[in-house]
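Q: Following this message is one structure expressed as structure tokens.
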Amino acid sequence: MDLAARGKAALADGKFEEAIKLYTSALAVNSNAVDYYIQRSTAQQRTKPPNYEAALADAEVAVVLAHKRAKRELIKDSQLRRAIALFFLERYADAEYVFAIVKKLDEKEKTLAIWESKVKTKMAALPEDDERRTATVKDIPSAEVPKAVAQSSTASKVAETPAAAPKPIQPTPADKIKHDWYQNTENVYFTLLAKGVPKDKANIEIERDSLSISFPIQDSSSFDYTLDPFFGPVDPKESTFNITAHKIEITLKKDTPGKWSSLEGSYAPPATSDGEKSEIPTHILRQENVPSYPTSSKSGPKDWDKVAKELTTKKMKKEGEEDADVPDDDLDADEGDETTRFFRTLFKGADPDAQRAMMKSYSESGGTVLSTDWSDVGKKTIVPQPPDGMEAKKM
């Protein structure tokens, strides 16, 4: 079995490192074999960790060679592999551009719809000023084809010919570095979008209540980012991070499963009798699963979720039956004065967040403020705003 056939078998068996070596040896003998580059690009993408830069370099050489041969099927396959590599390198506009080329060549390409959907989702999530929104690639890349080397007496010892070297990644300027996060009940996934972070010089420290990231960059001495404190405690031993060419990915293992309402908290560790700070953050002492929102009430914070729910249902008892929850739609719409009827109608048609916002703003302001924006009123105490010439009554 020749080198290329062995490489194809290794790729099919999931032996990606072996496939790369075999295709590299095959390319040392025949550097113009388009399919060898396509298959090696696939293997580069599937190794652990993936080498997307090398995958892109092989795909671009394949595109150049395919155009020289003027074979439509080879052009399509190499462009598809090129677009996939661009997607994983987070060059979403470039990937979108190349996938469009693939579509022109073969609208029936079975994987095209899936990739187009993925690119569309990623593009929609990018900020308007993100550089990844701008396509910079050309139909045919400027890639140099490596020359074949003379075949030695023993084919298995043919020297490896490296693929075209990928372009160096330009580090992201400090003012362009951004971050994002999402979560499930078990973990928080934090991403710092920074290109060219030097792995050997980056310092990432994950502690129970904080995260710190620092690394040198070109436009200043260093970049420093700190989250302190978290909304909830994490398990540093179970938390991990990974530095890639385009970002830093951090997985924070929640010490207590559940949802965080924000990434950062506002608590301060309570002081012990000897003046030292306790290792147990005060947020752990909160009653679990009960939202705590800002309030000026002397009786403490209110659970506005519970208040909203109580107003949207009422209890009815029937002889010989248990209590039943009856939707607010069954309440008498004509009950109360005009203001009350208006409030009830507006309240019934609002979503849960808007209902909480309405109750909180109306209650705390003494009936002078009515807001449906929970993201605003949920973070502060609503101050009364009486009409001109009138004063709010002190409660």
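Heads up, the Cβ atoms here are built off N, Cα and C, so glycines get one too.
Nobody curates TrEMBL annotations by hand; they come from automatic prediction.
The compositional bias 'Polar residues' annotation in TrEMBL covers 289-299, 362-374. Marked as compositional bias 'Basic and acidic residues' by TrEMBL: 300-313. Under the heading compositional bias 'Acidic residues', TrEMBL lists 321-337. Annotation source TrEMBL lists domain 'CS' at 174-264. Annotation comment: TrEMBL describes 292-395 as domain 'SGS'. The feature region 'Disordered' is assigned by TrEMBL to 151-175, 259-337, 357-395.
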Q: From the DSSP assignment alone, can you count helix, strand and coil residues within the domain 'CS' (174-264)?
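A: Here the numbers are 6 helix, 41 strand, 44 coil.
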Q: So what's the average pLDDT for the domain 'SGS' (292-395)?
A: 63
Q: Using DSSP, tally how many residues of the compositional bias 'Polar residues' (362-374) sit in helix, strand and coil.
A: 4 helix, 0 strand, 9 coil
